[in-house]
Every structure is written in C-alpha cells, then in structure tokens.
Amino acid sequence: PSVELRQRNKTKSSESEEATKEDKITDAPLPQRAPKYVLFQRFAKIFIGCLAAVISGMMHVFYLSAYHERKFWFSNRQELEREITFQGDSAIYYSYYKDMLKAPSFERGIYELTHNNKTVSLKTINAVQQMCLYPELIASVLYQATGSSEMVEPVYFYIGIVFGLQGIYVTALFITSWIMSGTWLAGMLTVAWFLINRVDTTRIEYSIPLRENWALPYFACQVAALTGYLKSNLNTNAEVYEVYKIYVFSLFLGYLLQFENPALLVSPLLSLVGALMLIKCLQLNVKKGTFVAKVMMVIKFYLVCTLPVTLNLIMKMFIPHKENGHMLKFLEVKFGLNMTKNFTLNWLLCQESLQAPSQDFFLRLTQSSLLPFYVLVLIICLLSMTQVIFRRITGMSQKTAVTLEDGRIGGRPEIIYHVIHTILLGSLAMVIEGLKYVWTPYVCMLAAFGVCSPELWMTLLKWLRLRTVHPILLALILSMAVPTIIGLSLWKEFFPRLITELTELQEFYDPDTVELMTWIKRQAPVAAVFAGSPQLMGAIKLCTGWMVTSLPLYSDDDLLKRNENIYQIYSKRSAEDIYKILTSYKANYLIVEDAICNEVGTMRGCRVKDLLDVANGHVVCKEGDKLTYSKYGRFCHEVKINYSPYVNYFTRVYWNRSYFVYKINTVISFQS
C-alpha cells in the first residue's frame, strides 16, 4: 500500500507539473499588432462602409428622381397635370398637404383637418386620425419653416421628402446587412437586389404619397437599430427584456398619437409582449439539465402559447373597442371558409394587391438569383437554430461566446430575430400580394447577409465535415467569392436595363381627365357636390377642392357603404332608385366613367358591374340561388340615351370620350 501511495503521489505531482507548464505556455505573450494600426484598420473599415451606405442611398434617390421625370415629364407640365399623376388614395393625402399650406396658421390648419366637413358631404371626419396625416403635417411645417416657398414648389418639396426617405430606407437595409455579416459587401449586394427587384420592393414609382412610402423607411431604421442592439449585447435575457419595454412604449405612444385608438390596446402584439414580460418575471434560476429545469421549460412553453391569448381576451372584455367586422369576413371568404354576395367584400377580393402572389412574382425573384440564395440562407439558419435549441433543451454544455470556428450561426440573437421576422412577413406575403413590399426588401437584406457571412458558410461546412481544405479558410473564401460572382452577373445582366429605363422617354397622357377637371373649376358652383367612383372622387378633391360623396378609403364602414351605394350607377337599377341614392348624399352632379361602364376585365366576375349584379341578385352566383330578373337596363348605358324617365332626373351638362357629367335635377319634370 505504501508503494502504491508513493506512485499515486508521483503521478499527481507529475500531472500538476504538466498543468503548470501548459499554463505557462498559454500565458506566454502572443505577438500583437500595434494598437494604432488596429484602430486605424477599424476606422477605415467603418468609414468606407458608412460612405458606401450613404452613396448607395443617394444614388437611389437620384435614380428615383430621374426615372420619375422621364416617366411623367414632371417639370414640363402644368400644376393640374402634375396633380393628376396622383391616383386613388394618393390624391387624398396630397390634397390635405395643400390644405395645410393654404391655412392661415398651423393651428387653424390642424383644427380644420380634425373637424373636416369640406371633403365628404353630410359627414364630419377627423382626417388626421382616419387617414394618418402626420407625414403631411410634418411636410407642411418643414416647407414653411425652412422658407422653401421662395425656392421650390410645394409638389417638388413633397416629392423630394418622400424620395429622400427612400434613400434612408436603402441605407438602413445596407447597414442592417452590414451589421449582421460584418462586411459592407453585403450592404452593396442588398442595394443591388433591391434596385433590380424594385417592381416587387416598392410602389414609389406609381403612388408617391402612399403611407408605406413614409412608414417603411422608419421601419427599416428600427430594424437596423434593433439588429445592432441585439448583436452588441451579450446578456440575451436582459437585452430581450429591454426590447419588450421598447415595444410597449411604442404602442403606448402610437395610442396617444392616434387619438387614443383602442385597437392598439387590444392588439395581439401588446398581449404577446405583456405575456412574455410576465413569464420573464416568473422565471426561476434553476440548474440546467435537471428534472426541475425540464419541467420549468415545459411550463414556460405552455405559458408562451396560452397566456397571450388569455390576456388578449381579458383586455377585449374590459376595453371598449370596435371589432373590424369587414376584415374578419374578408379573411373568412379569402380562405374559403365562407361565401358572400356582398359587393364590398368581393370587390376587395378582386383587387390585385389583396390576392395571392402570382407565379410571375416568384419567377422575377428567381431570375435575379435572389430567391434561391434566400431559401439557402433561411434553411441553414433554421437548421442551426434548431440545433441550438435542441442543445439547450437537452442541457448540453454551450460556450458563452460563439466564435467563427464553432459554426453556430443559429445561436446569435439577431439572427433568431430576423429569421422569425422574415418567416412571419413571408407567410403574410404569400396570402396578400400587397405585403410583398414589406417582405421582399427583407429578403434582399437576409440573402445578402447570408452569402457574405463567413459564419454561415462555416456552419454549412461543419455539417459537411470537409477534410481536404481547412473549413475556416474555405468559409472566408466563399464569403467573398460568392457575392462577387453574384454581383458581376447582376451587373452584366441588369445594369444595361436600368440605364435603358433612364434614357427611355415616356409620357403620362390623360387629356380627358384634364378637360374634366378644368370644366369643374370653371363651370361648377363652389358649393357643388360630385358623385362617382371613389378613385375619381379623390382626384376631384385634389385638383378642384370640390366636395364629394365618397373617398377611396377602406377603413371606415360608412365610407365603404357609400362607395357601394354610389357604384349602383353601374347596376341594373331604375332611374328613380339612383336618384334617391344620390340625393340622400346631397349630390348635385353625377360623373359616369366609360371605362367602368364598358369595362372588359381580364378576370372573370371581377368587373364592377358583375359584382353589382351578383350583390343585387341579377345573376346566379351558385346553385340554389334565387335569380331576380331586372326589368331595367344598366343605368350607365340607359342614361346616355336621353329618354324618359332618365331625362326627368338627370341632365347632361358635359361629356368627352371618357366621362359623362349629369346635373341632378332638383325639380323633376315628368315627360311622356
């Protein structure tokens, strides 16, 4: 036993000597670069990246400005012709910007917008709340405060702000991709993909004042800031809790700015964030891998799934709010859970922006190589996230600081956030095509980050277990070679097309609408009220300032009902019925559009007159429906013939190739 004891002591002493030797080796100072050289390298990298980001944003602004000028010949047109280029709801937003500039003071302008009774007949609306006019308020203040009235016209100032925001939008996407990948090469690739796929990334070319063109740049800036915050903080639990508080504060601020809108308080987002904060407070510090830890994990998962729904139901019980019935019915019909003859719902379902994306959308993304690389990056990140989650559930030991050699890109908080975000946005975009303008820029950013990230390639190579080449070296090579090859191919194929678009002369020519607006301004009484399609009414409000019966806005139940009633001028209804509808809204003039009356739609059953016939029961929608025969012809056709009883109610006062204007008679004379 004594001999064995000596031998054990000897082995222990030898092990301790070897450990001290290893400590000495590891403690030995390694050759390091000079601090000045490291600082200069970092500064140069940041400076070049920031310069590239700013230049990318500015180039995008210049491109939009040049393309807009080439398409509309904006500088060579009169004010009326410029305003006609604002179509649909865009015209309404810009008209209120003009009203603010005409107001004697800012306070008076705000009051007139919040108590507006000069837009829609028999209706006083809070235009700031209902149409979210804060961008127009800010633009009008900046225009007057900066003294720009002496240097630039109001329309150019307005367009310049929107185009400038698009530059910020592109810069924010550049920075986000740069932060995630660590190289500004990813930002350059993001911008390239964004420009090439701009048909699916933005609607700025056709509808400048749309709310999304104001909102998405700020959204991109928030995403960039959150990405930097998640990457710079090491304590995941603490930083996510701070993000929750930011979300709550933002929702509360929006609640106040939207005139105490109760819909924000009962929103699913607030319930989800509140539930996660409660779960975080109830979280216990237990040793990982134990039975108690696994039970707590199951309880936490159960609470995450059930507590947000419970909170949302409780808040809806105690907070007075108005359910959006049209949206719920729309979703039911959209997913085939129900059928309806309702004109408004069917009309919304026929809108291209509310349908599922077409095959052309995916074909365009594939031709630019965006979709294949996005799918590759998303799959790698998802599998890596699954691997990390499995390790945590099973209690396997994990490093606090993940290095490039580890190849675990799914363990980074900002990557988890973006993967979840892009899946949610993508799911919505697959149902409603209009949401692709939120998702596709995200796709550009995420795909560019992935192909430029050495860590993503390292994750893939670690799974493949290559032995011939060192994985780190190969990952670094791929992170530079792949985006370079993509960039060169995009340059060769798409750059000539962009140049051609800028050199190609186009022209927006709509003389009939110009003539109509000119006639209204010269001949119609100032107190006149016009009735017609909502899209045309928006243009009349902007170009003439006259009162209308409806607007192209779909968030108000009363306006939706008005739109349906006014659209009856294209149905098979009697002259007396149409007269009663129009006079109930105090309309003085009716405008019939030949394009709607004689519409030849590409999608069967989506023409306005078809939808009206279905809603009025004049055609069979499905088996078992009762067909109601109409003894009247289509009103928009019959009123043009000028025979009784139509001439008793309506007198034609103006017409051209596209529009027929009828004065609604106040005194009815019945003729044989």
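In case you wondered, yes, glycine gets a Cβ from its N, Cα and C as well.
Heads up, TrEMBL stuff is auto-annotated, nobody curated it.
Sequence annotations record features per position, and here TrEMBL assigns compositional bias 'Basic and acidic residues' to 12-26. Positions annotated as region 'Disordered' by TrEMBL: 1-26. What TrEMBL lists as transmembrane segment is 46-66, 182-199, 242-259, 265-286, 298-319, 371-390, 415-432, 438-460, 472-491.
Beyond the transmembrane segment (438-460), the same-chain residues lying 6 or more positions past its ends with a Cβ under 8 Å from any Cβ of the stretch are 169, 173, 176-177, 180-183, 185-187, 189-190, 193-194, 197, 200-202, 212, 216, 219-220, 365, 370-371, 373-374, 376-378, 380-381, 384, 404-410, 418, 421-422, 425-426, 428-429, 471-472, 474-476, 478-480, 482-483, 486.
Tertiary proximity for the transmembrane segment (46-66) is limited to same-chain residues at least six positions away from its ends with a CB under 8 Å from its CB atoms, namely 163-164, 166-171, 174-175, 178, 184, 187-188, 191, 194-195, 204-205, 498, 502. Here the transmembrane segment (265-286) has long-range neighbours at 237, 240-241, 244-245, 247-248, 251, 255, 292-293, 296, 300, 303-304, 307-312, 315-316, 319, 321, meaning same-chain residues at least 6 beyond its ends whose C-beta is under 8 angstroms from one of its own. Sequence-distant neighbours of the transmembrane segment (472-491) (same chain, 6+ residues past either end, Cβ-Cβ under 8 Å): 181, 183, 185-186, 188-189, 192-193, 196, 368-369, 373, 404-405, 448, 451-458, 461, 466.
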